[in-house]
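J.: One structure, pasted below without further comment.
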Amino acid sequence: MASFSPLLAMALAIFIFSSHSNAQLSSTFYSTTCPNVSAIVRTVVQQALQNDARIGGSLIRLHFHDCFVDGCDGSLLLDNNGTTIVSEKDALPNTNSTRGFDVVDNIKTAVENACPGVVSCVDILALASESSVSLAGGPSWNVLLGRRDRRTANQGGANTSLPSPFENLTNLTQKFTNVGLNVNDLVALSGAHTFGRAQCRTFSPRLFNFSNTGNPDPTLNTTYLATLQQICPQGGSGFTVTNLDPTTPDTFDNNYFSNLQTNRGLLQSDQELFSTSGAPTIAIVNNFSANQTAFFESFVQSMINMGNISPLTGSNGEIRSNCRRPN
């Protein structure tokens, strides 16, 4: 009889634990302890949108940037404390870039007033993402809940694990693979760039000196290029923002994919999905451009997939009373 190696036993244990953790997430997790949590979150997001049209894109980005670093655990929300917490907020992909933390605080306050000590900060991010999408005209879905908050942050992981707007398709695909997501997830989740804004510094190299060639990115539509060069002139502020989707900037629809087909993807990482020769992403972009329902269905599933990345459940982690610091 073949021996059962310790390494195989460990791998099996990890698989069982991982599967068990994901299985513990449920859309009815708070049905008795905080039955109105979804409505509470939606109300605060709706209020925030009245003053800040771009907040929906900002909130979903927080969820994305949280999940890609050690899993969906709310670690991105932790502030520096001068000793044990070196905040992910100060990692290169996040500093002077991620926003919406005040809205998360407002949601947490409202939820704590209704159900003290029950709902995790990471679950608030997941619920706020769904509210942001549906309030912008996108799909609604039953968010799986039951994650708990990590007590530590991983700034180094944020610097290495998060996809960059300057990366090619090979690197983007690898970073998604690293967290258990596939090419369809990559394209579907990139579709969140159908709303929100981006800073000039995230795409200005495409406008004047792409890959140190001294010329603009040849995949950029020339009319769109001229518009972007006016918004982000050489020597201008890198923190000026413009719409990720120039056609319907605050609506969650499939125009993002139509933009890629006409070389109007704002970020290099956007246009790579369509302009990389022979890439499997091209057919997915074409499908989502032609069929908004297909995009919405894939997006919902990919959001669920992303939300399932290594959650802390059971007795692991904690339910923070303040999203900015461990209890």
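Even glycines carry a Cβ here, placed using N, Cα and C.
Model, not experiment: these values are computed from the prediction.
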J.: According to Swiss-Prot, which residue among Cys232, Cys323 is joined to Cys121 by a disulfide bond?
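T.: Recorded disulfide partner of Cys121 in Swiss-Prot: Cys323.
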J.: Which residue from Asn168, Asn308 is recorded in Swiss-Prot as N-linked glycosylation site?
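T.: Going through Asn168, Asn308 one by one, Swiss-Prot flags Asn168 as N-linked glycosylation site.
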J.: Swiss-Prot pairs Cys115 with one of Cys34, Cys67, Cys200 in a disulfide bond, so which one is it?
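T.: Swiss-Prot lists the disulfide between Cys115 and Cys34.
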J.: Quick one: pull the CA-CA distance for Asn209 (N-linked glycosylation site) versus Pro163 (substrate binding site), whole Å only.
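T.: Answer for this pair: 21 Å between alpha carbons.
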J.: For the C-alpha pair, I'd like the distance in angstrom between His193 (heme b binding site) and Pro163 (substrate binding site), rounded off.
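T.: Between the Cα atoms of His193 (heme b binding site) and Pro163 (substrate binding site), the distance comes to 14 Å.
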J.: Measuring Cα to Cα, how far is Asn81 (N-linked glycosylation site) from Pro163 (substrate binding site) in Å?
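T.: About 26 Å separate the Cα atoms of these two residues.
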J.: For Asn287 (N-linked glycosylation site), what is the tally of other C-beta atoms lying within 10 angstroms of its C-beta?
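T.: Taking all protein chains shown, Asn287 (N-linked glycosylation site) has 16 Cβ neighbours within 10 Å.
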